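Residues or ranges marked as substrate binding site in TrEMBL: A:Glu11, A:Met103. Look at TrEMBL and you will find A:3-105 tagged as domain 'Dihydroneopterin aldolase MtpD C-terminal'.
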Number of protein chains: 4
Amino acid sequence: MSSDREQAAFEAGIKLGALYHQWVGTPISRATAASVETAIEQAVGLQPYVEEIHVTLDREMMTANPFGYSELAGAMFSVEITTQVGTARCVADLRFTGEYPLMSIRSIDETA
Amino acid sequence: MSSDREQAAFEAGIKLGALYHQWVGTPISRATAASVETAIEQAVGLQPYVEEIHVTLDREMMTANPFGYSELAGAMFSVEITTQVGTARCVADLRFTGEYPLMSIRSIDETA
Amino acid sequence: MSSDREQAAFEAGIKLGALYHQWVGTPISRATAASVETAIEQAVGLQPYVEEIHVTLDREMMTANPFGYSELAGAMFSVEITTQVGTARCVADLRFTGEYPLMSIRSIDETA
Amino acid sequence: MSSDREQAAFEAGIKLGALYHQWVGTPISRATAASVETAIEQAVGLQPYVEEIHVTLDREMMTANPFGYSELAGAMFSVEITTQVGTARCVADLRFTGEYPLMSIRSIDETA
């Protein structure tokens with residue numbers, strides 16, 4: 001079987017994979033980025049085992065195309081999520097390494 | 001070639017098809033629906049030839065799954081969009097017929 | 001009201017907008033591109049008023065990330081679609097201009 | 001830090017969350033379901049740490065809308081994925097419980 005720690009890691013992975021593929025491709029600009037951040041945080045916050053979620057989208061990368069806007073790309077995401085299963089808490093993130101939008105486990109702890 | 005009226009209709013179609021497939025599947029609830037409506041309106045409003053966009057998501061259909069939330073389905077969308085190309089203005093909508101989330105042209109007019 | 005020509009243009013727009021936002025972000029490589037082209041063509045071919053659809057994804061742009069694959073980007077699409085409403089037939093396409101994945105009406109004709 | 005077992009679980013979660021939100025909403029029918037299954041398997045197979053992936057989409061649920069096709073819904077997915085990180089191997093799945101498209105860890109093992 002799997003432990004609470006493993007399940008907390010699994011749940012964190014689900015949410016990061018899900019949000020990436022749900023929102024990539026959204027039309028976006030520096031003026032509208034906050035509305036997308038809020039929508040992502042609220043949507044992910046509904047899902048099971050999510051304790052906290054913070055989403056920041058890199059406005060520097062939102063350069064205007066010929067029609068004056070940009071498109072949400074994987075490289076723009078900076079996300080930190082905390083999941084909890086039983087007494088295990090997993091903090092994981094999605095950050096652009098400069099080459100790849102990498103999803104990683106930051107820590108897994110047992111809450112007393 | 002194609003007229004301004006035809007191009008306005010084409011642009012309205014693009015935006016309705018795009019928003020449907022971008023956002024279907026998003027985790028949603030009655031408490032978070034407004035944030036998704038805002039994010040969709042702001043995103044579509046960035047795209048070329050869009051004059052107006054109103055999005056209403058049917059909260060009655062947002063019944064809770066075993067984890068307490070719902071998922072944005074095509075049937076929940078009620079969208080009206082206005083596009084303008086040259087002097088032609090197209091109003092189109094996306095509405096659930098009871099069987100199908102139908103996209104239709106409501107009117108095309110020439111502005112003076 | 002709107003003419004068959006305008007409706008054919010509207011339907012072509014719907015399909016191009018839809019396919020773009022449905023598939024952008026898909027993991028892809030030169031080895032798997034054909035399976036994605038087939039899946040898109042078959043999916044769009046199911047939708048109303050579609051007569052023909054051809055999808056080519058630019059393999060040259062599919063450079064490997066550090067994990068050896070790529071992600072379907074708007075710039076990779078080359079799509080030509082034919083819709084028919086009544087006697088009106090619209091040919092439209094999605095092509096990368098070098099700066100923007102542009103959707104355009106190529107022609108609208110009346111079939112006798 | 002996190003163990004190989006935890007990381008294998010995390011990676012399995014990423015892939016299940018990703019594929020669900022990438023493909024939900026795709027136009028589909030019994031005649032085209034195989035092309036979507038293949039495209040999903042090939043796409044997920046490109047991603048890091050994936051050893052095996054099997055996707056079956058429930059054709060019984062693909063009832064025709066008024067235009068003769070259906071739309072890929074979460075309830076249609078039956079997916080089993082195997083990820084490997086170091087010597088840890090995680091088998092996880094996505095199955096419809098009758099009420100919810102549930103993602104679960106089936107097993108985590110150490111390969112010798």
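Cβ from N, Cα, C; glycine included.
TrEMBL annotations: computationally assigned, not manually curated.
For A:Met103 (substrate binding site), the same-chain residues 6+ apart in sequence whose C-beta sits under 8 angstroms from its C-beta are A:Gly13, A:Leu16, A:Gly17, A:Tyr20, A:Ala92, A:Asp93, A:Leu94.
The Cβ of A:Glu11 (substrate binding site) has 27 other Cβ atoms within 10 Å, all protein chains considered. Under the DSSP three-state reduction, A:Met103 (substrate binding site) is assigned to strand.
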